[in-house]
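A.B. asks: One structure, pasted below without further comment.
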């Protein structure tokens with residue numbers, strides 16, 4: 001069973017990362033990536049529609065459904081309407097047909113704009129009789145219920161003028177839309193969707209809204225230095241487990257999986273070394289060239305990678321802390337033997353890696369990924385107050401409280417057992433050393449987590465207050481209502497402190513391995529001491545000694561047993577005839 005736990009420990013993170021990437025790929029359809037990845041304005045290439053008042057269309061075309069035809073198919077479909085257009089049953093028939101197969105894409109509103117329903121009804125009333133004469137039903141793409149009402153949606157009507165007037169190249173059809181009812185964003189923010197009343201006013205990449213440029217420079221230096229230190233310490237801790245894994249058993253192994261997570265969650269802090277600008281790491285670009293910090297988008301693959309590393313392994317590290325506390329409680333509080341805890345190791349791995357993967361998938365499906373203006377790191381709750389509360393603060397606070405409870409219950413059991421051992425006159429110095437090391441590790445880790453939770457709570461309060469003037473400005477009336485005012489600068493030192501506290505987890509894990517045995521293990525590994533064969537032991541003796549002895553131990557010379565005596569003194573008895581004789585069995 002311990003071997004099964006080892007195999008699962010090495011393959012589970014990779015398996016869950018594969019599951020995570022697969023889920024992102026599987027959900028990259030209409031529900032998640034429709035607006036951020038698929039919609040683009042492109043020049044019209046249909047021959048029939050090259051002389052209409054506009055020259056840009058929106059692809060993919062929502063009027064044609066999910067099965068988007070290629071350009072050759074579109075050419076063939078529109079050519080079928082030429083005989084009907086030549087009948088001149090309606091002066092704007094060509095404009096109407098082109099609005100279906102090549103809807104207009106306005107420069108300031110990147111979406112498909114087709115004709116209003118009133119124009120469809122006029123065209124159908126004038127031209128349907130011609131199709132009926134030949135027994136041809138009215139085409140499905142031209143059904144009028146598919147077109148928006150003039151008063152309820154964004155639509156267009158043909159240009160006014162003579163029937164055969166050729167429109168000028170710069171002329172655009174009139175948009176029938178109550179733009180005065182759609183709030184606008186402040187000038188220092190980017191209006192991601194001008195036609196949406198509940199749209200987002202995102203933070204631009206090149207504007208300092210909440211932090212100054214000096215604050216961003218300091219944060220960049222801190223995150224690179226602390227990220228590198230955290231990666232080195234956490235990697236040293238995890239590799240110590242790899243070179244001497246038989247020395248550590250549960251609950252100690254949970255610390256090493258924590259260090260593995262700590263090393264990977266710090267990698268996004270080193271992204272500025274590879275991609276220096278925030279534009280490369282955490283921004284998305286609109287069709288008009290404006291760029292904004294990622295908010296509920298997935299167009300930037302580096303931002304998605306930053307989120308996957310920081311959030312998945314951050315949540316997994318917290319869960320491994322909980323598993324450490326739980327297995328400690330089983331060992332110390334419930335008096336479980338090491339073999340019993342080892343038997344539960346597959347379930348421990350499943351809870352830690354699986355729960356973190358599930359939370360990450362939920363965040364992706366709910367489109368809660370956003371970027372930080374200060375650091376340019378993508379995660380959850382950087383700008384979204386609700387995402388910070390439900391996907392960061394509450395889960396981590398609950399995990400911390402549960403883990404602390406298990407630790408205290410385990411310590412209570414150790415104290416009771418120590419009292420019993422001292423009453424029997426037994427040595428409890430080893431127990432004291434173990435408890436001291438555990439207390440030092442837990443206190444250091446809880447101080448880091450507590451400081452991070454406090455800073456995140458203050459960040460939640462800031463975002464909950466300022467979102468009404470920034471991201472959710474349009475929902476409160478926009479600039480027209482006077483509620484979207486320039487927000488004050490935030491205190492960068494508090495956010496930098498939170499960044500430092502979150503990157504000291506590797507140092508906390510390294511406290512667990514500070515002992516002469518660790519240096520002896522590395523000495524054997526560096527000088528190839530592990531190449532020599534280990535002493536052969538029975539299975540039961542190996543299991544009993546693996547938790548307290550190093551992997552390589554010199555054989556202990558054993559003296560041969562003494563030979564049994566060949567002569568025995570006679571025993572005095574009342575019967576002199578019965579005398580003990582030497583035994584033939586040795």
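Using N, Cα and C of the backbone, Cβ positions are placed for all residues, glycine too.
This is the feature table in TrEMBL:
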{"type": "COMPBIAS", "residues": "552-567", "note": "compositional bias 'Pro residues'"}
{"type": "DISULFID", "residues": "89-127", "note": "disulfide bond"}
{"type": "DISULFID", "residues": "120-144", "note": "disulfide bond"}
{"type": "DOMAIN", "residues": "36-158", "note": "domain 'FZ'"}
{"type": "REGION", "residues": "552-575", "note": "region 'Disordered'"}
{"type": "SIGNAL", "residues": "1-29", "note": "signal peptide"}
{"type": "TRANSMEM", "residues": "222-243", "note": "transmembrane segment"}
{"type": "TRANSMEM", "residues": "255-275", "note": "transmembrane segment"}
{"type": "TRANSMEM", "residues": "309-330", "note": "transmembrane segment"}
{"type": "TRANSMEM", "residues": "350-369", "note": "transmembrane segment"}
{"type": "TRANSMEM", "residues": "389-414", "note": "transmembrane segment"}
{"type": "TRANSMEM", "residues": "434-454", "note": "transmembrane segment"}
{"type": "TRANSMEM", "residues": "495-514", "note": "transmembrane segment"}
A.B. asks: Counting only pairs 6 or more apart in sequence, are there at least 3 Cβ pairs under 8 Å between the transmembrane segment (309-330) and the transmembrane segment (389-414)?
C.D. replies: yes
A.B. asks: Could you tell me what the rest of the chain brings near the transmembrane segment (255-275), counting residues at least six beyond its ends with Cβ under 8 Å?
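C.D. replies: That would be 9, 13, 220, 223-224, 226-228, 230-231, 233-235, 237-238, 240-241, 248, 281, 302, 305-306, 309-310, 313-314, 316-317, 320-321, 324, 352, 375-378, 441, 503, 505-506, 509-510, 512.
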A.B. asks: In sequence order, which residues at least six apart in the same chain have a CB under 8 Å from the CB of residue 120 (disulfide bond)?
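C.D. replies: In sequence order, the residues whose Cβ lies under 8 Å from that of residue 120 (disulfide bond) (at least 6 apart) are 96, 142, 144, 147.
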A.B. asks: Would you identify which of the disulfide-bonded residues 89, 127, 144 has the most other C-beta atoms lying within 10 angstroms of its C-beta?
C.D. replies: 127
A.B. asks: Taking a Cβ cut-off under 8 Å, which residues six or more beyond the ends of the transmembrane segment (389-414) line up next to it in the same chain?
C.D. replies: 311, 315, 318-319, 321-322, 324-326, 328-329, 331-335, 359, 362-363, 368, 380-381, 431, 435, 438-439, 442, 446, 449-450, 452-453, 456-457, 460
A.B. asks: Excluding the flanking five residues on each side, which residues at least 6 beyond the ends of the transmembrane segment (434-454) place their CB within less than 8 Å of a CB in that stretch?
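C.D. replies: Cβ under 8 Å, 6 or more out: 255, 318, 321, 328, 393, 396-397, 400, 404, 407, 411, 414, 497-498, 501-502, 504-505, 507-509, 511-512.
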A.B. asks: Could you give the number of helix, strand and coil residues in the domain 'FZ' (36-158) as assigned by DSSP?
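C.D. replies: Looking at the domain 'FZ' (36-158) with DSSP, the answer is 55 helix, 14 strand, 54 coil.
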